[in-house]
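Following: one structure in structure tokens, then a few remarks.
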Amino acid sequence: MEQWAVAPPGPGAGRDDGAPIRHQEQRFRYCNLYEEHKGFCGTDDNMSTMLRINRDKCGYCGTCVAVCPEDALELIDAYLSLERECIACGICARACPLGALEVVHEE
Amino acid sequence: MKNNYDILVIGGGPAGALAAKTAAEAGNSVCIIEKRSAIGTPVRCAEGIGKELLKEFVKPDPRWISADIERARLIAPNGTTISLEQDKAGNEVGYVLDRKVFDRELVWQAAEAGADVIVKTRATEPIMENGAVRGAKVLSAGTPADIRAEVVIAADGTEAQFARRAGLDTVVPLREMMSCAQYLMTDIDIDAGSTDFYLGNDIAPEGYLWVFPKGDRTANVGIGISGRKSRDGSRAKDYLDRFVAKNFPEGKTIEAIAGGVPVCRPLACTVADGLMVAGDAARVVDPITGGGIGNAMYTGRLAAQVASRCIEAGNCSKEALMPYDAEWRASKMGAGIERNYKVKEYFVTLDDAKLNTLAESIANISLKEFSVRALIMELITRNPKLLLELKALKDALS
Ligand SMILES: Cc1cc2nc3c(=O)[nH]c(=O)nc-3n(C[C@H](O)[C@H](O)[C@H](O)COP(=O)(O)OP(=O)(O)OC[C@H]3O[C@@H](n4cnc5c(N)ncnc54)[C@H](O)[C@@H]3O)c2cc1C
Ligand code: SF4
Ligand code: SF4
């Protein structure tokens, strides 16, 4: 089993209350993941979605930061952190060369 | 910490270093802030650069040159190899650098010219007044501070968050982000005088895999694939591991790095009131080769030249800074990026069979000039039957 570091909710991340994160189509001008994800997120209000950062895998390269449509990530020297509101779109997780990010869906 | 400068540079990479050096030499007070605790590490680069390009900015020094390159080889999916030799082409090929030392040298030169350098200091957001950038809010080893400046040069690399927070759209579309992984390997059988590029959809989808020598039996072995091809089980690292297991099973990895190369078009505009964007942050990487060191140095230097003039004239508005944007776009670099962007958009559509055919058609050429342009010209001449298809390429050249 891998030990996941769960990204701490940043200011206004709205994650402490476990509220589901909804995909908003207009935010997807950057990629085509909406189709992949819409069956998952935003359709079921009992589902909560969040981004997990595996810091043991992360190579602190900043690739994820550059593709995030929400500017939610921050690379602080050798430490990647979710600092602002994340819509769990999964774009960063796709771009990561090392597979250190994962969008997880929880009932 | 001083908190007022003529020019504040965000990021201590090649773009930031050249900007700060140029600004200081022009008599400005200037400061580089770098969020990492050491300049140049971890490296996010395969370290290859053309000799002529390098010499425009700095005198080559053996302390930061790892290897002198005589040829480049393109290896098609079926193994067809196009070899470009320095002695046949008129111009020189390039060097593989040691960027840990190189980046430090550039920052050192900036410091020597009079620039302040502060590491472990991250710009968190711009100081905005009436829509204009007036400096940066920073966290310096955890302590918040404001640094004010007439002009801020954002040279913050791939992340490019400073310009973004000042209102420019720097987001890289997933498909145009090259997702990269690289091992510095030793004890491997390589041609120490050749940079090798492996092409193919099974090897590196919409990208390439490289072996850049760092000396005898040592090389940067790395790969970049399109973000849209990157998934669990088929990430950059997975492709790289497969290649290494097959080709260098006995090799030893002494450094493993990751990185992202933006191969989108440059930012629509690289200036705003009180702000200029240079290097990777401006997305001025060559979309075909992924090379960005030279372009970073060029844009960094140019940004500082224009900023110096504007500060002297007492006007650092977007309009006043605009000559920077106009000049790099009209430059050889700007034209090259636009051309190679179109070339890239064509190449990513090719399947392996087509790549093989094209490679075979030029397998035995000797180029008079060592460039993407010369290679494309050769492809067009040798494939008259594909004229219609290659029209996109031909248009890109004109
Ligand atoms: C795997 C890989 C291989 C490559 N191979 C080559 C190659 O062979 N040849 C080539 O020419 N190019 C190559 N490139 C591209 C090249 O590395 C870049 O184009 C070059 O480093 C760009 O320089 P820069 O100064 O713009 O940015 P960088 O070198 O990335 O420097 C930016 C700096 O800004 C700092 N920073 C970021 N945000 C902040 C902030 N908020 N506050 C303070 N500091 C900040 C960063 O820590 C970093 O040190 C490669 C890139 C990758 C990822
Ligand atoms: S892209 Fe992956 S390896 Fe790079 S900083 Fe983000 S999580 Fe870490
Ligand atoms: S999941 Fe989407 S919004 Fe969240 S950090 Fe990743 S790219 Fe940004």
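Here the Cβ of each residue, glycine as well, is placed from N, Cα and C on the backbone.
Copied over from TrEMBL:
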BINDING   B:Ala15, B:Glu34, B:Cys45, B:Ala46, B:Gly48, B:Arg99, B:Ala123, B:Asp280, B:Gly292, B:Ile293  FAD binding site
DOMAIN    B:177-261  domain 'Digeranylgeranylglycerophospholipid reductase catalytic'
### Message
Radius 10 Å, atoms counted are CB only; among the binding-site residues B:Gly48, B:Gly292, which position scores highest?
### Response
B:Gly292
### Residue among the binding-site residues B:Ala15, B:Cys45, B:Ala123 whose Cβ has the most other Cβ atoms within 10 Å
B:Ala15
### Query
For the domain 'Digeranylgeranylglycerophospholipid reductase catalytic' (B:177-261), what is the mean per-residue pLDDT, to the nearest integer?
97
### Task
Please report the DSSP secondary structure of B:Gly48 (FAD binding site), reduced to three states.
strand
### Query
Using DSSP, how many residues in the domain 'Digeranylgeranylglycerophospholipid reductase catalytic' (B:177-261) fall into helix, strand and coil?
15 helix, 44 strand, 26 coil
### Query
Under a three-state reduction of DSSP output, how is B:Ala123 (FAD binding site) classified: helix, strand, or coil?
strand
### For FAD: widest Cα to Cα gap among B:Ala15, B:Glu34, B:Cys45, B:Ala46, B:Gly48, B:Arg99, B:Ala123, B:Asp280, B:Gly292, B:Ile293 in Å
29
